[in-house]
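Participant: Before we start, here is the structure in question, set down as structure tokens.
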Amino acid sequence: MRIAVLFFTIFFFMSQVLPAKGKFKEICERPNGSCRDFCLETEIHVGRCLNSRPCCLPLGHQPRIESTTPKKD
């Protein structure tokens, strides 16, 4: 009877394991990058992931660069 209870508890806890694909986000070679179907407006495309999706990096706080071209009057 002990063996039956042991097997029951083992099979019960094994059935509770969630699939890894749904819980973990695939990360591209960049530390802050993420694999998506399409990059958001606030992200840039920097390469491809292992599943051939684009690797997207957030832009963050980029300094605004003023144009050095002289203005025509």
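From the backbone N, Cα and C atoms, a Cβ is placed for every residue, glycine too.
Quantities reported herein were computed from a predicted structural model and do not represent experimental measurements.
Pasting the relevant annotations from Swiss-Prot:
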DISULFID  CYS28-CYS55  disulfide bond
DISULFID  CYS35-CYS49  disulfide bond
DISULFID  CYS39-CYS56  disulfide bond
SIGNAL    1-22  signal peptide
Participant: Among CYS28, CYS39, CYS56, these being the disulfide-bonded residues, pick the one whose CA is nearest to that of CYS49 (disulfide bond).
Facilitator: CYS28
Participant: Between CYS28 (disulfide bond) and CYS56 (disulfide bond), how many Å separate their Cα atoms?
Facilitator: 8
Participant: Cβ distance under 8 Å to CYS39 (disulfide bond), same chain, sequence separation 6 or more: which residues?
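Facilitator: Correct list: HIS45, PRO54, CYS56.
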Participant: Using a 10 Å radius around its CB, how many other CB atoms surround CYS28 (disulfide bond)?
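Facilitator: Its Cβ has 21 other Cβ atoms within 10 Å.
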